Every structure is written in C-alpha cells, then in structure tokens.
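Marked as domain 'CHCH' by Swiss-Prot: 22-69. Swiss-Prot lists C25-C61, C35-C51 with the feature disulfide bond, giving sequence analysis as the kind of evidence. Residues or ranges marked as motif 'Cx9C motif 1' in Swiss-Prot: 25-35. Among the features that Swiss-Prot reports, motif 'Cx9C motif 2' is placed at 51-61.
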Amino acid sequence: MSANGAVWGRVRSRLRAFPERLAACGAEAAAYGRCVQASTAPGGRLSKDFCAREFEALRSCFAAAAKKTLEGGC
C-alpha cells in the first residue's frame, strides 16, 4: 500500500508542475490564436490546415512541456 502512495505522490507532483511548464508556451498559443482569429474574421479564409504551422509550433511546445514534466526536469 505504501508503494502505491509513493506512485501517487510522484504523479501529483508532476501534475502540479504541468501548468507552469505550459505557461512557457504563451508565445506559441498567442500566435495560433491570432491565426485562428484572423481566419474567422469577416473576409477571412478559414480552411483546413490554414494555421497548421502555428498549430504545429504549439503542439511541439506542449509536447516538450509534457516531456519535461514526465522526466521531472525543469
């Protein structure tokens, strides 16, 4: 039972660190948001993959943040 508690302790600490790590992706999130907003504005040209470059940058940043969280690094 104590081993199970140790596992949950590690999981909780990783989950607590995750929002801080995602905060480092603010520039990517803002760029993606601007792209989506521009494409849905009047006269915008919303189409599949229109913001793919911005989305990929955001996804990569989130993946890097998740990896750091799982590794327990800074």
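Cβ coordinates come from backbone N, Cα and C, glycine included.
A separation of roughly 16 Å, to the nearest angstrom, links the Cα atoms of C35 (disulfide bond) and C25 (disulfide bond). Sequence-distant contacts of the motif 'Cx9C motif 2' (51-61) (same chain, six or more residues past either end, CB-CB distance under 8 Å): 24-25, 28-29, 31-32, 34-36, 39. For the pair C61 (disulfide bond) and C51 (disulfide bond), the Cα-Cα distance reads 16 Å. Contacts of C51 (disulfide bond) defined by a Cβ separation under 8 A and a same-chain sequence distance of 6+ are given as Y32, C35, V36, S39, in order along the sequence.
If you take the C-beta of C25 (disulfide bond) and look for same-chain residues 6 or more apart in sequence within under 8 angstroms, you find L58, C61, F62, A65. In terms of DSSP secondary structure, the motif 'Cx9C motif 2' (51-61) contains 10 helix, 0 strand, 1 coil.
For the motif 'Cx9C motif 1' (25-35), the DSSP-based tally of helix, strand and coil residues reads 11 helix, 0 strand, 0 coil.
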